[in-house]
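Asks: Look at TrEMBL and you will find 69-129 tagged as DNA-binding region. Look at TrEMBL and you will find 67-128 tagged as domain 'Homeobox'. For 131-332, the entry in TrEMBL reads domain 'TLC'. Residues or ranges marked as region 'Disordered' by TrEMBL: 335-383. Look at TrEMBL and you will find 39-56, 140-160, 210-229, 264-284, 304-324 tagged as transmembrane segment.
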Amino acid sequence: MFQTLYSYFWWERLWLPANLTWADLEDRDGRVYAKASDLYITLPLAFLFLVVRHLFETYVATPLAGLLNVKEKIRLKATPNPVLEKFYAATTKHPKQADMEMLSKKSGCTVRQVERWFRRRRNQDRPSLLKKFREASWRFTFYLLAFIAGMAVIVDKPWFYDLREVWKGYPIQSMLPSQYWYYMIELSFYWSLLFSIASDVKRKDFKEQIIHHVATIILISFSWFANYIRAGTLIMALHDSSDYLLESAKMFNYAGWRNTCNNIFIVFAAVFIVTRLVILPFWIMHCTVVYPLDLYPAFFGYYFFNFMMVVLQSLHVFWAYLIIRMAQKFITGKASGGPGTARSSQALLRGETDNSEEEEEAVKNGPLSNGHPVLNNNHRKTD
């Protein structure tokens, strides 16, 4: 049965155009082609990435956080209370009014005290500022290096300037060593993100992030199997072109450098919109949807690859909506118009699950502006 499923999975009509077989992609005459077995190395490399990430966050990101004056806010701890703790752990972290009154009777506290206890208890579970800064630093470093490496891989290739060259001779296109390592490193990194997503700071778009990572892994893997390598390198480099800007904006946001953060975010928003909403759909997807049909009839792999591209593009539209809203608030100055507005406008930069910081009772030293305290105690610093 396993052999039958294996045969169906690797049926040539699923992966390759008509009249082509896997034998056509066997190495010969010094030409090397992509093979599915090449991707086995990405799993151990993913775990190596996790080790490197731990070392980077410990010995690079943490000292950098100190240099940028990334400081934790003092959070008041909830007083130990077995009744409230049991309800918090087993039922919900956000009890309704009826639950508050019930817990008030059981615990001997007033309703107001119960509300305060749950607020402080939720704050205890919130990820630390240092943890968020270290994660952003790691992603910034990888995306920046990956973008530089990606451009080095494709900038001297004819298909970087003429997208019709992407399909010239397809699928009999030999693989270059630079393409091999670019693919292996990118795929390994996304595997590492998927492996660590449960322990990382949980974002508001947690489900969308999982969909994005899975879709990206499937796209990279499938493009390797079907020898869509030229298109794949273009797509990966295009995505890396804006991601490092977002992570750098987050880093400055955590450091309290609001003006720098906002300026970088505006640049990020512009790059994101141009690359993900203009170049990707109207150049790259046009290249993967239209040009192949000039060479061969559509087959399953053609439909599958472009379907996954549509999934990614849908996520880009969703994120672009959030990004444009934030950029508009930064440009108009509404991002600092009040605690509620600031919290909602910087939700993506914070990368957290909850909408609010819930720390009205935390000890405050005042907000920061570009790393310096502002003598205005009427507004609290929004993380």
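Here the Cβ of each residue, glycine as well, is placed from N, Cα and C on the backbone.
Unlike curated records, TrEMBL annotations are generated automatically.
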Asks: What does DSSP give as the helix, strand and coil breakdown of the domain 'Homeobox' (67-128)?
Replies: 36 helix, 1 strand, 25 coil
Asks: Six or more residues beyond either end and a Cβ under 8 Å away: which residues meet both conditions relative to the transmembrane segment (39-56)?
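Replies: Same-chain contacts beyond the ends: 137-138, 141, 184-185, 187-189, 191-192, 195-196, 221, 224.
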Asks: Average the per-residue pLDDT over the domain 'TLC' (131-332) and send me the rounded value.
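Replies: A mean pLDDT of 91 is what the model gives the domain 'TLC' (131-332).
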